[in-house]
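Before anything else, here's the structure in question.
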Amino acid sequence: MNAASLVTLMVLPLLGGAVVASLRGNDRLAKQVALGFSLVELVLAAVLWAGYDPAGARLQLTSSVDWIAAFGVHLSFGVDGIALVMIAVVALLGPVVVGAAWREKLPAARTAGGFLGLILVQQGLVVGVFAATDVFLFYVLFEIMLIPMYFLIGGYGGARRQYAAVKFFLYSFLGGLFMLASAIGAYVYAAGRLGRGTFDWATLVAVVRDAPLSTQIWLFLGFFAAFAIKAPLVPVHTWLPDAAAEAPIVVSVILVGVLDKVGMFGFLRYLLPMFPKASQELAPLVLVLAVVGVLYGSLLATGQRDLKRFIAYVSIAHFGFMALGVFAFSTQSQVGAVSYMINHSVATGMLLLVIGMVIARGGSTRISDYGGMARLTPVLGGLFLLAGLSTLSLPGTNSFVSEFLVLLGSYPREPVYTVLAALGMVLAAVYVLWLYQRLFHGPVRGDALVGLASGPGAVEDPARAKVSDLSARELVVLAPLVVLVLGLGIYPKPVLDVVTPSVSATMTEVGLADPVAQGGK
Amino acid sequence: MSALSVSAVFGTPVSGASWTVLAQGSVPAPEVDYGAIGAMLVVFAGACLGVLVEAFFPRHVRWSSQVALTLLTLGAAGVTFGWYVGRSAAPVTTLSGTLAIDRPTLFLWGTLIALALGAVLLIADRSVEPGGSFVAQAAIRPGTVQDRAQAATSGMQTEIFPLTLFALGGMMVFCAANDLLTMFVALEVLSLPLYLMCGLARRRRLLSQEAAVKYFLLGAFASAFFLYGLALLYGYAGSVKLSAIAEATAGNDRSDSLLYVGLGLLVVGLLFKGSVGPFHTWTPDVYQGAPTPVTAFMAACTKVAAFGGIVRVLNVAFKASSWEWRGVLWAVAIASMVIGAVLGLTQTDIKRMIAYSSVAHAGFLLVGSIALTEQGRSGTLFYLLAYGFTTLAAFGIVSLVRDGNGEATHLSQWAGLAKRSPLTAAVFTFLLLALAGIPLTSGFVGKFVVFTAAVDDGMAPLVVVAVVASAIAAFFYLRVVVLMYFSEPATDGPTVTVPGVFTTVAITLGVLVTLLLGVYPAVALDWAGPGLAFAP
């Protein structure tokens, strides 16, 4: 393996996006080409994973080219374990998303070529964000990746798509600009120390980590604003329910599954190593936001009447767990947080896709429009339950491992926050099982399934009552996620092995020892 | 202070007492470095030739000869400029020290010539609006039968071309002016043609004439402010030379009130030209009323000249007293950014919207200008280059979207444009993203260099305000993107005219520079970069 393969992993989807977008006249061919590109991407990512040495250097597969010499900006790429697993998730979701979008009903005058082209471009840019090792380059990609998502939501979304797209963009853009201001601050500080400015991540970390606390706090806040909005943490989360509710399901999968992870990734890659003093000083602030996010997200998920907004609030709760793991400062909790990032993508991605399949059958996103679906679609019901159980972290599913590690690792240092966050686990059982019960159990009912079935003399709509179970395509789309949910639940070692050394390195950069002796992983 | 003498005004080291020299009637001719000011001389010569063409050529060949002459002039100016830059870039002062041809001047001249080329191409286009955007005879009263008749004819006032060249020449002098009096003369030379050009629109003549009158009246006030400030500064320093004022401010045995009042008045005049809020009130009306190619010329070139002047005056003359005035300009910069961003939100006319955007951008530019470091200078210059080309191309696009009554500038008319003209919409989106400062466009790099300079010079709070203003401003750019892409087109909406060669070239030039400076800014940054010193 060499550095070129990492760059290829980023450039290939961009290229694919351009090719697919040019096939606007032929939807079928566009889909096939998009699927081809995403499968090649997946194979490349697998090869990349195989070539990664967990015990090796902090950053591997590095490459660097001058970009703006006057400001010490480089096009540098490289991965650590955390970035690697995130890139793997991006690559994995690629074919899944293309497959799920196969029969997507696009708005009038939109073509599959344009839609899938944007998705591929989005994929390439996100890989770039995870692979960038130059702070300036990271910022550039961080902002650029908003543009395809903006067009995906605004061009292909629901009734309030314009509002949702602009809100999404402005929130992220504002956060990004604060990060830019902080990055400039770090650059200027480093330039004062080194005599020559640079945006190289490793160099900046080495210099800025020793900056005085007051400086660090200001710089921390800028980066934190960007990542907290991206993650998103309460109270800057409000764009996510709107965006997720208006975006097509497959776009929500990318948004929640991949884009939002950039926030958590940023915490680990940029905030903690660059500003260790400020991170410790301000950890209580983040922990409060995290726990509030867990409880608030869980409560609002319980009370949701809209299926897509439900997912958004579930995710907000889960992002709270991840933030707790990151800022509890133990190797265990951070490994938990990182594996949570992956498992959330898998579990929530699957739940979103399953919900998308429900919506595709009923044509409504209101929960009350459904009921008793298990009788009509038993396989869909079963897979919904599996995705739901993974979401509520049932032992044996993938999310359990991560949530358990987060809570276990956080408890020694932050017992109060941990106990409060654990309440979120209880609420998770409530909102998932209750939703499952409402959608799938009991007699067949609801406007979406049987027309105006309620009330005396109600007329059933026979066309709607004939809801069919999952098609072969849908099963193939869900199959890899099912495998991962169960596989990583039973045998998480491959992921943990890759992640742990990088997390340990992050902990070293923060300069904190684990609160209790670690008995292996 | 002795009587006003030649040596005092021009600061020439004249041997012996100056009045004896005067009495003998042998004022030594100032030395002229013709190579250094060649480009400027070419532009003025072209302008003068243009007047002759206007006077002596028959009407039917005027347009073609004027276009040829103007393009030839700009080409020759470019070649002269390139030849001089290639030969030497050492800073020199010439014409008795009234003009300083140093690196900033050269950078600004290059920018101005390139931008003027694009603007002239837009002005010369006759395919978008049949017969050109300009009135056939400016003396026709609006609303009359003759006015309706002229709107349908294909003739136009070709004086616009020499006027453009005169304005350009004035801008070049303005950037290079090394004393305030020269600067004032240059200010008038660049302004007077612009006032006239604003009133020459073929359609919506009343709006256009109103714009011209407003611009003239407010511009006259601003000039008066400048002149009054100049007078007070002369009283303070005993010279109008920037370097002499700098020397005077370094000492402390003079009346500070003269300095501050003079500086204040002078800066008001300059900020007016740069359409910095709160001295921006003319901008929306004039941008809206002026013929779009002229708006493009003003928005791109006037901004460059004005900020070129501001940077020079602040850096050369008032650096030593920066402690006293910088707070005020902080406030002005904040006001400009906030006014531009917030009032831009409420606009429903695309040209007014870009006008307010230019006010916000003027605020960002001011942030860079008051960072009196090498980084601040080079950042501001880069920003000017980047902004000029983006806004030029943006107005080029605006001139293309038309309905039966001329340009369709109301925002609602742009709804669904992407469905009908995907390329136009895509190009305009790119330009809007550049104005918003999204990475991989020149607008982002411009903001980045300016912000870096400001943080480096201890103005981090100002940068935070600028960042928030950028985010607010992004909203109104995005609103246009939303309209174009995510809204259904109106049934009787405007059509996009297929641009002629001239407009296509101008827009392409603007877009390519915007992209190039965004992706590979090193080309311009290196030139605007280290060693960007002003001539002594």
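Quick reminder: no glycine exception, Cβ is built from N, Cα and C everywhere.
Just so you know, TrEMBL annotations never went through curation; they're auto-generated.
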Can you identify, from A:60-77, A:114-131, the stretch that TrEMBL calls transmembrane segment?
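Going through A:60-77, A:114-131 one by one, TrEMBL gives transmembrane segment for A:114-131.
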Give the nonlocal contacts of the transmembrane segment (A:416-436) in its own chain as ranges (CB under 8 Å, at least six residues past its ends).
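Apart from its flanks, the transmembrane segment (A:416-436) reaches 287-288, 290-291, 294-295, 297-299, 301-302, 310, 314, 317, 320-321, 324, 328, 367, 384-385, 388-389, 391-393, 403, 407, 410.
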Check for me, if you would, whether the transmembrane segment (A:83-102) reaches the transmembrane segment (A:475-492) - at least 3 Cβ pairs under 8 Å, residues 6 or more apart in sequence.
yes
Would you kindly check A:33-52, A:168-190, A:310-329, A:341-360 and say which stretch has the most C-beta pairs under 8 angstroms to the transmembrane segment (A:114-131)?
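That would be A:33-52.
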Six or more residues beyond either end and a Cβ under 8 Å away: which residues meet both conditions relative to the transmembrane segment (A:137-156)?
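For the transmembrane segment (A:137-156), the nonlocal Cβ contacts are 67, 73-76, 106-107, 110, 114-115, 118-119, 121-122, 125-126, 128-129, 162, 164-166, 168-169, 172-173, 176, 179-180, 183, 199, 201, 226, 243, 246-248, 251, 254-255, 259, 262, 270.
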Six or more residues out from either end of the transmembrane segment (A:282-303), which same-chain residues have a Cβ under 8 Å from its Cβ atoms?
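Hits for the transmembrane segment (A:282-303): 217, 220, 224, 228, 233-235, 237, 310, 313-324, 326-329, 414, 417, 420-421, 423-424, 427-428, 430-431, 434.
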Restricting to the same chain and to residues at least six past its boundaries, which positions have a Cβ under 8 Å from a Cβ of the transmembrane segment (A:310-329)?
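For the transmembrane segment (A:310-329), the nonlocal Cβ contacts are 231-234, 237, 240-241, 243-245, 252, 256, 260, 263-264, 267-268, 272, 279-280, 283, 286-287, 289-298, 300-301, 304, 336-337, 340-341, 344, 348, 351-352, 355, 367, 391, 403, 405-406, 409-410, 413-414, 417-418, 421, 424, 427-428, 431, 435, 507, 510, 512, 515.
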Six or more residues out from either end of the transmembrane segment (A:168-190), which same-chain residues have a Cβ under 8 Å from its Cβ atoms?
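Sequence-distant neighbours of the transmembrane segment (A:168-190): 71-72, 135-136, 139, 142-143, 146, 149-150, 153, 197-199, 203-204, 207-208, 211, 215, 218-223, 225-230, 232, 236, 238-239, 242-243, 274.
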Which residues, given as numbers and ranges, are at least 6 beyond the ends of the transmembrane segment (A:247-270) yet have a Cβ under 8 Å from it?
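Sequence-remote neighbours of the transmembrane segment (A:247-270) are 80, 82-83, 86, 89-90, 93, 96-97, 100-101, 104, 119, 122-123, 126, 129-130, 135, 138, 142, 145, 149, 152-153, 156-158, 161, 164, 201, 223, 226-233, 240, 308, 311-312, 315, 319, 322-323, 326-327, 334, 337-338, 341, 344-345, 348-349, 352-353, 355-356, 359, 503, 506.
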What residues elsewhere in the chain lie close to the transmembrane segment (A:33-52), defined as a C-beta under 8 angstroms and at least 6 residues from its ends?
1, 5-6, 8-9, 12-13, 15-16, 19-20, 23, 60-61, 79, 81, 84, 87-88, 90-92, 94-95, 97-99, 116-117, 119-120, 123, 498
